[in-house]
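Undergrad: Got a structure for you, written out below as structure tokens; questions coming shortly.
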């Protein structure tokens, strides 16, 4: 049988693809490149991956398909030779606070198994290993209680297991037992409820009811033996805080008692403290299982509370001027009355600054008065009565716990900060899990180590444990070490296994999922990746490329949408799509080996790779003024090593360094949040620092990040940049609209009037899939146009409002050339390289890089002050060389207007054009957090200890 050598695509027309046909070699590393919007993702994800996914779902049973729904067939004539596809995109899709690096990679699952198999329990009191407990030791422990203490001796026969247990209860009754405790409630056995077999239950047999006195030891020993025999070596002594005789208690009396439980085990218990562990199972190391999750934080590892610093972000403000953030802008009549009445009683006025009010009164305002401290009532109808003031924080806490409205929950969330759970210290687990150790460390200590340290620890472990433990753990250790090695190889050795997945950057998230796929060991699969090099320093690029080659060499085809030159040079085959974006793209410009692309006469990518076209290095860099700088003094959050850094005002500054070196912690968590709070009153809780000097030189700080511009189909680029309002106004002023009395609201899909009411202006109808992500289907009534037929009949130059929203930025900017209010807003989107996106395109379909550029366009359309600090995190995400050149022109224009720009960037094309560089390192994680060098690119290139400098040195030679 002839083996299929190629993936053959015939007539691909998805989105802007121009009916292309192409042969892609199987089991090779293929890079698809081209300018932004040229159709790379349309080919890789929306055609190849979508068709592979559709075929897989169609191969499943009818029963399985009913839960998955149907996937629309891509607009393509035929694809031959297609393997099952797996997509690894940039977006961090997990918002689950329980998801960590360890759970995503399955390392945590293997750790749980390892600790359950070879972990040694230790006493939290003595620190010594726990040994088996004898019946005599158990009896001695019970007799340490005071004379007269009442207790029940319980045999836990069922612990957190599903079932009905009718036979077991009947057998107990035959044996003479009368009482039972089921799921925390006491019953006479004949009166026990029917149990639902689908749910987990706890059942304890009441073996005895005793009162401690001098001659009770023999009875206790006999009861213990019975319990241990019934419950496979376990017994619970439940101490009841009551003076009523145990013998006279009914099940109802028992259920209203407050018990204290002591678990005894003839297997594992500490004779000094009485600390016992029932059985060591993998589930007690899982924070996603009730058996292991910390009771206080439910396995989340954090404790949330209303933060004083967020309630009073700026103590220098007066009470009537927004000092109390939840009551500010403007101060409502009700809150004014409260503060006025309190002020009259306590001796302050609304014009007082918060910092000038006594500490005692501040505490009273924040946490309330005592019950007996009464203040005249604000209720006019009961002016002669008194009331006590509950306090700002207790009131917010009450609303936080009771409020069902998502709107109010979101508002209160602004004033809540998170800190490690005080019970589990952020480890997420019950204390029992920390008592079990391997080579002196519990599971939480291992997951909190950097992945590099974990690798070293596991390499040394076999020599430090017994031969028996080695034999038991051999296969488990192999799986753990294999996955750890993959994470190190792709440059993520600075992360910890306990790191929340929603705290990962898009690039980190993608590379972790890539490591998971390598760990799975699949073959014969087609992998489709979206710019895996994003966020990766040049030093670690080779590791990533080797990982991609490893996937290929294990019998897989790897398709990568990428602009990184090193990755392209390492590819077996390159496909260059273009020549331009949108309707001017979607064609195969060139394909072949890297050398063939470089030699191709019309390939824009080839021209940049050969050096024929290049992003020029400035002939003269802007000079910094030593007297006009922002100084961040002693920043020390996360891994920052108490650093002091200076950033010039009015320059283009690049923050560089190894991944995990502390760049984002310094720039976003510390400088941006602090500056936004101090200059603009933003409700951020910045990282730890002593002070920041030089903020008087700027009047606004803007963080242009890659977060979505909206999360629903209603959000789109036109609404975000402010172009849709003048478009609606223009349509409402057309003669046909005036004749029918149509106002601007009729052309909005957010309010009733002109929108389609079946889909409520969404154009799609959301179908809740419950345990799967929601699915959106096109509205059958308006066919996705969002409006009713009457509104669509109103046209300008033959175009309805729906036709306008379906236009690309470039088309719409040309269409409205004669209307400056609209044209100028759309022009900025075109200037940032987004001429190819549709102005009505749903925000949730935009990539992170596209969202960032939409935000940049919005800032460009605003009236410039000349004293703005712009912060951008990796703005070259998703950009081709040609697009980077356009972006740099815009950024440098902003600097020429007197603004300051700081970018976090790894792309040398950007770094080489910067006026100033702050290089972080030397490594990632705990070995980073220092400033290795600062100065001009030429200064950094001379710094021997800078990894960035080494790569920058060769780039600057072209000057």
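Keep in mind that glycine also has a Cβ here, set from the backbone N, Cα and C atoms.
Remember, TrEMBL labels are computer predictions, not curated facts.
Sequence annotations record features per position, and here TrEMBL assigns ATP binding site to 34-41, 657-664. Residues annotated as domain 'ABC transporter' in TrEMBL: 621-953. Here TrEMBL flags 756-782 as zinc finger.
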Undergrad: Would you please pick out, from the binding-site residues 36, 38, 659, the one with the fewest other Cβ atoms within 10 Å of its Cβ?
TA: 659
Undergrad: Could you give the mean pLDDT over the domain 'ABC transporter' (621-953), rounded to a whole number?
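TA: The average pLDDT of the model in the domain 'ABC transporter' (621-953) works out to 91.
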Undergrad: List every residue in the same chain as residue 663 (ATP binding site), at least 6 positions away in sequence, whose Cβ is under 8 Å from its Cβ.
TA: 655, 656, 657, 904, 920
Undergrad: For residue 34 (ATP binding site), which residues of its chain lie six or more apart in sequence with Cβ-Cβ distance below 8 Å?
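TA: 40, 576, 577, 578, 585, 589, 604, 605, 880 - these are the non-local Cβ neighbours of residue 34 (ATP binding site), listed in sequence order.
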Undergrad: Name the secondary structure element type, per DSSP in three states, that contains residue 40 (ATP binding site).
TA: helix
Undergrad: Which of 40, 661 has the fewest nearby Cβ atoms, counting only those within 10 Å, among these binding-site residues?
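TA: Each of the binding-site residues 40, 661 was scored; lowest Cβ tally within 10 Å is 40.
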